[in-house]
Structure formats: structure tokens, C-alpha cells
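**Student:** Here it is, the structure, as C-alpha cells.
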Amino acid sequence: MSFKTVRGMQDFLLDRAAKKKWIQGVCKQVFESYGFGPLETPTVENFELLAKKGTGGEAIKEEIYYFKDNSDRELGLRFDLTVPLARVVASNPNLTLPFKRYAIGRVYRYDRPQAKRYREFTQADWDILGSPSLLADYEILAIAIEVMKKLGFKENEFKIKINDRRLLEEVAIGCKVAKNKIVDCFRSLDKIDKIGKEEVEKELKKKGISTQILGQLNAKGLVKLKIKNPLAPLVQLLKANDLAKFVEVDLSLARGLEYYTGTVFEVAVKDSPSVGGGGRYDKLVESYGGKPTPAVGCSFGIERLLDSLEERIAIASPVKILFIPLGDKAVEEALGISAKIRALGTGCELDLMNRGIGKNIQYADKKGIPFVTILGDNELKEKALTLKNLKTGKQQKVKFADLNKLEKIVGE
């Protein structure tokens, strides 16, 4: 019997896992440089929390991993990292504000699996709670731009689309969308990039919602409906700091989750699905019994970033030397010498297969290990290792007493 991964899940083998970890490391470094600290929350949450009005309600049961435990408690796997954050802040009213946290963790959604869309995926979130200032929105966007640049995306390869839910709501009301259908309208608009304008138009008609809104989501539409654009001050801040070139106002951007109350944004990559998004959610903490707490945040989908970047990322092996002992006596010595090499700061892997020099060199080459060191009878007599650079073919002797020189040699 052969076992496969559960539908919608995937394995990450060594090279791909290392690339994923590198992306997470870049995110973490940028988050911390802005003063954000880490927060960890459980993967399993009470279903009541996940189904709270504003996050999807009872209907969300069909979209998440829902189950009952042995005590008949209704539970679910978290579908994002924002809802658990709101729970934490609501139950810890004395947090120092602004509360700037980041979280990198796996989340689960019971979507229909398709290309680049999985049921288990990793999010990297960063949020600011306690500040109603536009500066908080600006900082969230500035971080998104900095992460994208540090990951290697060029200016013409990504855009951050921004909109405002309040603006969208005014347009909807101006287009005679009934108040009780505004959320449904936003959910349909959120699919424009995924299924196209024509399909969204069909969906709106099916829901009994006026399709007039599709023709008004532009600057002319705002003038016609006499609506003031609340995004202007944020765009001005971005312009003043030479970041506006990375941002595009998109009046059709809705974001599917109901808890957004103001600015919303989405990180779009050329020829790929969205790799991230977020917005302002000033009422979410209060809805969980906390104090009124303004909040804004964003999230990257790590696997989406990996899919876009995988061919470009080159991860250097942390191991610089493959140690090849030849014979039982050499093996005994190699255990101690390889430990000393590691203690001196150089990654060193020991041959565990006893397969000879040629096959070990092939192994080192496949793993990207740049040096091999050989320890045989001659080396034991001379009390020196034979170190070979696999790129240049150059060999040299390194005395046991001079192991501290290895770090410099392999780093050249």
C-alpha cells in the first residue's frame, strides 16, 4: 500500500523547504527591524471564535476544517492568523500600545484544491493594533514593499493594489445596492481577478444585486456619484517617500473577509495569483469582547511567494566540508576532528555510507558542498587532512593543529 499526502496538502523536500525557510527569514528580519515582535497561537481554536459574525458566521463551517473533540466541543483549524490575534488582544487588555506583532504559521481552509491553491499553507502576518493613525497603514505598506524588494522582486514585477472599504460601500449605496446585500456584493467583486468581470457580473445578477457598480469603480464613477476619495492622504504619504510607484489604486478591490473596515490592499505579482493582502479592521477586537482597538495588518502567503521565486533562489549549503574517512582507524579519528571543525564554526558532514571517494564527491556535488576532506592512513601519519576544492580541483594539506584555519580557507 502506498500513502499520498491528504488532498490539498503538500510535502516540502530539502531544497524547497530551505527556500521556504529563507523567505520566512527575510520576512522575519524586516518585521523585527520595524519593531514587531513574534506571537504564537494554537492551530486549533473554538469554532465559536472562527464563526463569529464578521469572519464568516455559521456558513464558514463549509470552508474550514471543523470537527468535534472527544468531549464534544466544537473546534476548527484556524483559517488565518488575524482572528487568533484579535482573541489574544481582546483577552489581554493591558498590552502596551501600539501592539506590533508578527506571526508566521500554518493555516487551513477547506477550499477546492487547484493550481497554486492549497488547503494547508503558511502565512506571514504583521499587524499594528492601537493606532488609528494613517501612519500605521503607511508602515504596513512600506514593510510589504521592503519585503518584496529584499526577496528580489523588481519594481516592474509587483504592485500593491489599494482601496478603501468605506469608499466601496459608498459606491455600492450610490449604485442602489441594498444594505443587506453589500457584503455579498463585496464577496463577488473580490473575485474579479480570479474569474473575470463577466463571471462576476453573472454572479451579481444571480444574487439579485445591481451590476451598475461594475461600471462605477473608477475615478469618473466617484465624480459622478460625488464621492470623496479617502485614499488621497495615504497616497500622498507614499509619494513623499518615493513608494507610490509600487502602489496602484484599484477601486474594484474588496477583500473577501467581512471584518475589514477601511483601507484594504493586495500584493499582486506579474503573471501570478495574489501573494498577499490585508487592511484595516478597527472593530474586530471589540467584537471578541475587547476594548475598541483600531487595527491594521497584512499577510503574505509563503507558498505563493515560493512559487513565484523558486527558480531564482539559490541557497548556499550550510555544510562546507564533506569528511571522508578511509578505514576503521580513520573513522574513529574523524568523529573527533569533524566535531572540532563544527565547534570552530564550519559546517561539516561525515560520510555515513562508506562508499569511497568518487561516489562521495558526486554526493557532495549534488548537495552543493564545496569541499571534501580525506582522512586515510597517510593523513593519519602526517596528522593532516587532505582538503579538496571541488570547484577548482585544488588540494592542500591542513594540519590537525591548524583546524582553526579551515573557516578562512573554505570561505574564500
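Note: Cβ is positioned from N, Cα and C throughout, glycine not excepted.
Per TrEMBL, the feature L-histidine binding site maps to ASP80, LEU81, THR82, ARG109, GLN123, ASP127, ARG255, TYR259, TYR260. The domain 'Aminoacyl-transfer RNA synthetases class-II family profile' annotation in TrEMBL covers 28-325.
Map these features onto the structure and tell me what's around them.
**Tutor:** Cβ contacts within 10 Å of GLN123 (L-histidine binding site), excluding its own Cβ and spanning all protein chains shown: 21. Under DSSP, GLN123 (L-histidine binding site) is assigned to a strand (E or B) in the three-state scheme.
Averaged across the domain 'Aminoacyl-transfer RNA synthetases class-II family profile' (28-325), pLDDT for the predicted model comes to 87.
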**Student:** Same chain only, sequence gap of 6 or more: which residues have a CB within under 8 Å of the CB of THR82 (L-histidine binding site)?
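**Tutor:** Listed in sequence order, they are ASP125, ASP127, TYR259, TYR281, LEU284, GLY297, SER299.
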**Student:** Around ARG255 (L-histidine binding site), how many other CB atoms lie within 10 A of its CB?
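**Tutor:** Cβ-Cβ neighbours of ARG255 (L-histidine binding site) within 10 Å number 21.
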**Student:** Check the DSSP secondary structure of THR82 (L-histidine binding site), expressed as helix, strand or coil.
**Tutor:** helix
